[in-house]
């Protein structure tokens with residue numbers, strides 16, 4: 001039996017599979033939708049109970065009111081459960097999509113000529129279709145060259161450019177395979193320098209809306225340079241929202257060329273393997289995933305692995321063995337969080353997908369090489385320069401190392417309780433990959449919901465400034481928090497617990 005609180009975080013994308021047909025706030029108060037509302041609330045409660053700590057909202061789809069409904073449901077449920085849940089806004093970003101096709105789509109045959117209209121709103125027909133970005137102002141003819149590949153619908157259709165007609169705003173291509181394309185399907189231009197602005201008008205409106213709703217994270221699509229991060233940070237500062245964390249989505253070869261700088265400039269990265277696998281050879285993706293996770297550990301940043309982790313669970317109950325291995329080794333490599341996209345947004349079995357991911361994450365934590373973690377990562381991480389690291393984090397890491405890495409019962413401690421509002425110290429505790437869950441006592445609501453991505457961190461809201469607690473108050477609150485998370489994690493029997501008071505480790 002695996003009896004410990006899962007420390008790897010799960011990010012679940014919220015969509016109709018979870019919140020059903022609820023698309024307006026009025027529907028929540030309408031008795032006609034009472035049954036649907038009950039199911040939606042039950043779904044969110046179930047996935048939080050199964051270990052979801054971040055709800056991702058994909059702003060490539062849905063209206064603001066639809067997303068507001070989802071935020072309200074999540075906040076209502078999280079408050080009732082007394083469990084912090086972070087909200088992540090995923091930007092639309094600079095992407096190109098097919099404008100419109102007929103219901104049956106547009107069938108493209110191998111070796112046929114395909115004409116892409118770059119400044120038109122035409123409905124696709126006769127081997128022609130139109131493309132646009134979110135603003136409707138982007139002209140793709142400026143970003144392509146003869147001989148270049150264009151990938152459509154996640155690479156399911158490959159086109160090669162044979163001619164660029166700037167006068168008529170057309171890109172003429174030859175199809176390399178058969179495929180049927182549909183409305184809103186994405187286009188990728190591998191290795192192209194896109195002339196689309198990093199933050200479109202739509203992105204800024206979405207971000208403004210998200211800030212009004214108190215989001216915790218922005219997953220910024222198609223980050224290519226440090227300048228992209230700076231542009232977004234400056235905008236957040238202008239909006240008095242510097243506390244919102246930026247997760248850079250790595251989706252292009254240009255981003256990989258700047259990867260260390262991007263990691264250092266952001267609060268964390270998302271290995272967005274879908275688009276990345278189209279922009280670079282797919283067989284290079286595992287290497288870069290490992291590199292980015294390792295670099296995030298080194299720079300004390302958060303890492304998320306995303307895209308098709310349990311893709312088959314959109315339609316099936318059982319995951320493929322390859323998917324199980326994928327999730328397992330993402331955690332084993334040192335990921336902070338594993339993410340579900342279509343599995344929970346539009347899949348048939350969203351609750352099952354979360355439950356499956358929870359089991360795999362916990363299993364990987366059980367066999368994680370904690371001794372290697374001490375010997376290597378703690379010596380190489382940039383976080384080891386701080387006094388707190390040497391006085392608290394390193395001793396805790398050594399103290400909690402299991403005696404035998406392959407035996408779950410060798411976990412000696414269940415919880416470590418630390419009172420703080422210091423984000424950098426929370427990051428240090430998370431990055432250490434302690435063999436116990438860390439409960440942060442905080443009176444800051446931004447801190448309370450702001451660490452849903454951080455490995456091993458569980459926040460507990462208190463009334464008093466955590467830095468002003470007496471030792472007796474700390475011990476009393478520590479046990480309240482421990483009992484709360486013991487119940488949340490369905491832990492039958494507590495092992496030993498620790499607390500940190502004035503940088504001194506004490507047994508509870």
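The chain as shown is numbered from 1 upward.
Any Cβ shown, glycine's included, is placed from N, Cα and C.
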Matching residue for the substrate site, where Swiss-Prot names 56, 274, 275 - out of 19, 91, 307: 307
Top Cα neighbour of residue 249 (site 'Transition state stabilizer') in the set of binding-site residues 58, 60, 61, 91, 185: 91
Three-state secondary structure, which DSSP defines for residue 307 (substrate binding site): coil
Spatial separation of residue 90 (K(+) binding site) from residue 60 (ATP binding site) - C-alpha basis, Å: 8
Chain-internal residues, separated by at least six, CB under 8 A from residue 251 (Mg(2+) binding site): 221, 222, 223, 272, 274, 275, 276, 279
Residue 59 (ATP binding site): secondary structure state under DSSP, collapsed to three categories: coil
DSSP-derived class (H/G/I helix, E/B strand, else coil) of residue 90 (K(+) binding site): strand
Largest tally of Cβ atoms lying within 10 Å of a Cβ, found at which of the binding-site residues 90, 275: 90
In three-state DSSP terms, the structure that residue 274 (substrate binding site) belongs to: helix
